[in-house]
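Quick look at what TrEMBL lists:
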- 79, 104, 131, 132, 133, 134, 135, 136, 137, 138, 139, 200: 5-phospho-alpha-D-ribose 1-diphosphate binding site (BINDING)
- 194, 199, 200, 201: uracil binding site (BINDING)
- 7-208: domain 'Phosphoribosyltransferase' (DOMAIN)
Ligand code: PRP
Ligand code: URA
């Protein structure tokens, strides 16, 4: 699967281990999700195009590179994706933010949509979809289907922890989407939770356990 990149940075791996710990409380969990968002965003945005622009320094005028091309839109999948938004905004404060609300049915594990609002027009933007968990892949696939149906063309997907089953399904469903994973874990369990995972990301971010 050449559209999948698993992060190798030691800071990302270290912070993911802290996230996994069941004794990590809500406050620290939230901070870690945001920090990992920054670190993963830094990696995922390394191919942003640059163009030389003229800048006057106190010494002289020079041509110096600045980000050009497509503007960014961040699209968190509600709820848990919200935790990563400030991390990406710390890197690109001018990014627009869309939202896609999906929850998984506890029995079938199928995603259900309850809210969607995207920046308009979306077709000229680079879109980064955020969700800390990629489990069966159903939510990510549904979110990206929706974005494409609204004209989105250039899409990246970022998850902090992924299951191999979900990565494979998403990579096949959307081969044009670059997928960034903080860690690819062992497998899903019978309830479609990631093992070893970190439990329910939304509940741990918002303290609703
Ligand atoms: C979690 C998670 C993903 C989804 C992943 O959300 O944040 O959106 O499950 O599972 P999947 O890959 O099998 O679709 P959840 O449905 O628990 O909603 P929440 O974020 O509101 O807690
Ligand atoms: N959603 C989560 O929050 N955690 C999992 O392990 C799977 C789906």
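Any Cβ shown, glycine's included, is placed from N, Cα and C.
Taking a C-beta cut-off of under 8 Å and a sequence gap of six or more, residue 139 (5-phospho-alpha-D-ribose 1-diphosphate binding site) has these contacts in its own chain: 77, 102, 104, 111, 131. Annotation for residue 200 (uracil binding site): spatial neighbours 193, 209, criterion Cβ-Cβ under 8 Å with sequence separation of six or more. Annotated pair residue 79 (5-phospho-alpha-D-ribose 1-diphosphate binding site) and residue 199 (uracil binding site), C-alpha to C-alpha distance, rounded: 14 Å.
Checking the binding-site residues 133, 194, 199 for a CB within less than 6 Å of any atom of ligand 1 leaves 133, listed in sequence order.
Spacing of residue 137 (5-phospho-alpha-D-ribose 1-diphosphate binding site) relative to residue 194 (uracil binding site) is 11 Å (Cα to Cα, whole number). Only 133, 135, 194, 200, 201, of the binding-site residues 131, 133, 135, 194, 200, 201, place a Cβ under 6 Å from an atom of ligand 2.
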